[in-house]
Structure formats: C-alpha cells, structure tokens
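Working notes, structure below.
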C-alpha cells in the first residue's frame, strides 16, 4: 500500500474552511501540528451537515457519509497515547459498575431465595438459580481482571489479558449447564402430583425491590458498553429484569389460572438463559480464537504506520486480530534497501512502541521489508 492511497473514503475536494467541527480542547492541544496527508482541512462543519440533512433522504445519506468521514479523520489524527479526563472517569465508573453489580446481585439472590422458598414456585426458583450464578459471574470477572492486571512473567510472556475472555466462556458454560438442570426439574414437576404454589405480596415485594436496583445498574453498565466486562454485566442485568418479571408472571398464572403454567414457565426461562449464554460463549470464543479487527481500527494503524517516519516508503501489510479482549497487530513496512540495520531497527522499534500505546492493543509486531514483490502474507503450511 503506497502513501498516496490509504484505502480511505473519498475526501471532499473543497478548500479548507474555518467552520470545521472543533474537537475537544484537550485533544486539539495534543494533536501534532503536522498533517502530512492534509486530512484536517477536509473536516465538514456541523452547519454544513445540518444543511445537508434538511435536503431530504438523499441529503441525509450524504450527511451520514461525511459525519462518518469526520469521525475517521479525527480518529486518525488523535495521538495514539491520548487519554482525556472523560476516559479516566469511565474507568472509575467501570470499577464502580463491577463492584455495584456484585453487591446488588447478592441482595437480589437473598430476596429471591426468600421469595422462592415462601412461594414454592419453580419459575421463581429458576430465577433464583440465575441470581446465584450472577454472583459467581461477578466473582469470575473480578478474579480474571486481577490476574490479567498482574503483569507479565516468564511463564506468560504475552501477558494474561485473555483470562477475562476465558473466564466469560467458563461462566457461560456453567450457565448453560444450570439451564439444562432447571429444565429437568421443571419436567419432573409436570409429571408429579405436588403443585402447591403460594405467591404472596411479601414474595413479590422482595423481588420488586431488587429489580429496581437492577434496572438502574443496567442503564449504568450500558453507558460503559465499550468495555467487555461492562457489556457482559449489562447483558446480565437485562436478562435478570426480563427473567424475574417473567418468573413472577408465570408464578401468578400458575397459582390463579392453571398449575402447570408455573413449571412450563420454568422451562421457558431456562431456555432463555441457555440461549443468552450460548450466544455470549460463541462471541467470546471468536475473540480468543482470533477474529479480525474492524476496518476503522485497521485504518488507524495503517495511518500511524505511514506517517510514523518519512523514511517509511510503503505499508505492505497491516493486520490486527483479537487475542482475548484486545488486539494483536502485525504491520509490514517497506524501508530503503540500502538503509543501515541500526536505523531500520530504530524505526521499527519506535513504531512498535507507538502502536502498543493504543488502548485496544495487547501486542504489536513490526516487520521490516525492502520490497513488495513477495507474496502478501506468510502462512504456515498445515
């Protein structure tokens, strides 16, 4: 890939304007004054975008295109090690979300256990078992985060960041096993003669109090969905809200309409739990296996590599793939064939360090080439 062609969206062929959208002041101060590809003048002003959106459906599509282009340009020009105060606040909120979720899950489990024992409802028993596994899930995430942040050593030369992803996969497997057990118990209830359900005001009140806390925690975790741990907690809180409301409904129907509605509700709730966590396991298995990064991230790494040093002639290959919740990046850059080894080494090492300052990157590898006539990638034969 040559410097003249980044594979970016076509930029506007208009002269620079003073109305370009302003970035945050902290970001403006840290962006380098050099812009070798002259991307900053191509930013489209908010007023222009507003005018385009007022021109019907076609204008809205054009405005969406340029809005995405603005985000791309600002992302490319952002320093790789940039962290603003909002980012630090987000990390504090993430810690608060994990600890708060753990406390609320303990409260929810205790209240649900009392409600399930008082009522004898299988639907509520299913939601109580789910609440217990929530406590276990929080424990897994906290344990995995502590291990992942414990640093590198000789036994783990690439770090321990994948512990978090592996922990989520293990927990999802446990949840699937629990769901199957709940289905078995509900089927046994359908074939038995004991159908006594006493779902009173006390049981419903206990569960209702816990659900109020769950709802606000769900909204809080959704606001932090860029982090894997927050996403899994938000999914967990959402499922709890749905399952507990459904469990109460099936319990009441089983008590006042037909007895068999309650065990059928237990089966349906267990199936919902099974489906949700099977999907979560599949998603995180893809991450730990090595799913490719999205195009916007590859664009940013390519831009960093091209503009890293004027002696970089081309970017031959750029790939990034998940190794847990973060990326491993591989970049092949082309340097002059007659460049001394010491200079080439320094350029490559500096680029590696720069890429690894990106928050999303776990490890970066920079390969140095002197031509591009070889095959585009090397793969081990199996």
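Every residue gets a Cβ built from N, Cα and C, even glycine.
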Where TrEMBL places transmembrane segment among the ranges 61-81, 124-144, 271-291: 124-144
Stated TrEMBL location of transmembrane segment, expressed as one of 27-49, 96-118, 303-325: 96-118
Helix-strand-coil residue split for the domain 'Cation efflux protein cytoplasmic' (304-370), DSSP-based: 19 helix, 26 strand, 22 coil
Non-local residues, at least 6 beyond the ends, that sit with Cβ under 8 Å of the transmembrane segment (241-257): 112, 119, 121, 123-124, 126-127, 130, 195, 197-199, 204, 207, 210-211, 214-215, 218, 263-266, 268-269, 272-273
Surrounding residues of the transmembrane segment (165-184) on its own chain - C-beta under 8 Å, 6+ positions past either end: 125-126, 129-130, 133, 136-137, 140-141, 143-144, 228, 232, 266-267, 269-271, 273-274, 276-278, 280-281, 284-285, 287-288, 324-325
